[in-house]
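Enquirer: Quick one: structure below, then a few questions.
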């Protein structure tokens with residue numbers, strides 16, 4: 001991967017663009033600190049249901065970078081106000097990418113470890129996701145990649161498993 005920097009206002013760098021080795025895929029990244037939220041009543045993460053959305057557009061799919069610098073599908077833990085894994089997945093997708101969708105049961109792709117719900121959707125245009133909105137999103141990076149280039153990134157284990165399952169189909 002190689003980098004190019006974007007400059008805005010007062011020559012202040014706010015985002016970097018990362019390109020794959022072939023130059024066909026680009027991802028936007030930004031440095032930001034994870035907001036600290038401490039809830040003394042929160043249970044251990046493995047006790048919570050989690051949900052995520054695999055978003056594809058043609059041969060590319062959407063990845064977000066989390067605060068630990070790993071790339072993966074938009075995903076997260078269910079909150080008390082999430083009525084179902086589906087609403088959790090919709091909320092996480094909006095928070096991390098700005099993309100608003102209404103998922104159906106037909107979008108359910110896999111359930112992993114009995115508590116991780118993965119939905120899969122296709123969208124007609126990559127322009128439905130505004131990559132320049134990254135500073136307002138709950139992620140530190142976002143972009144579209146193809147299957148071959150994705151494996152050059154620091155992928156989450158979950159995303160690796162999803163890509164392996166998709167490549168076997």
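Any Cβ shown, glycine's included, is placed from N, Cα and C.
Sharing the feature lines straight out of Swiss-Prot:
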{"type": "BINDING", "residues": "92, 96, 138", "note": "Mg(2+) binding site"}
{"type": "DOMAIN", "residues": "46-169", "note": "domain 'Nudix hydrolase'"}
{"type": "MOTIF", "residues": "76-98", "note": "motif 'Nudix box'"}
Enquirer: What kind of secondary structure is residue 138 (Mg(2+) binding site) part of, going by DSSP in three states?
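Expert: It is coil.
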Enquirer: List, in sequence order, the same-chain residues at least six positions removed whose CB sits under 8 Å from that of residue 96 (Mg(2+) binding site)?
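Expert: Long-range Cβ contacts: 64, 74, 76, 137, 138, 139, 142.
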Enquirer: Counting each residue once, how many in the motif 'Nudix box' (76-98) are helix, strand and coil under DSSP?
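Expert: Taking each residue of the motif 'Nudix box' (76-98) in turn, the totals are 13 helix, 2 strand, 8 coil.
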Enquirer: Using the structure shown, find which entry in 92, 138 (the binding-site residues) has the sparsest Cβ neighbourhood within 10 Å.
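Expert: Sparsest of the binding-site residues 92, 138 by Cβ contacts within 10 Å: 138.
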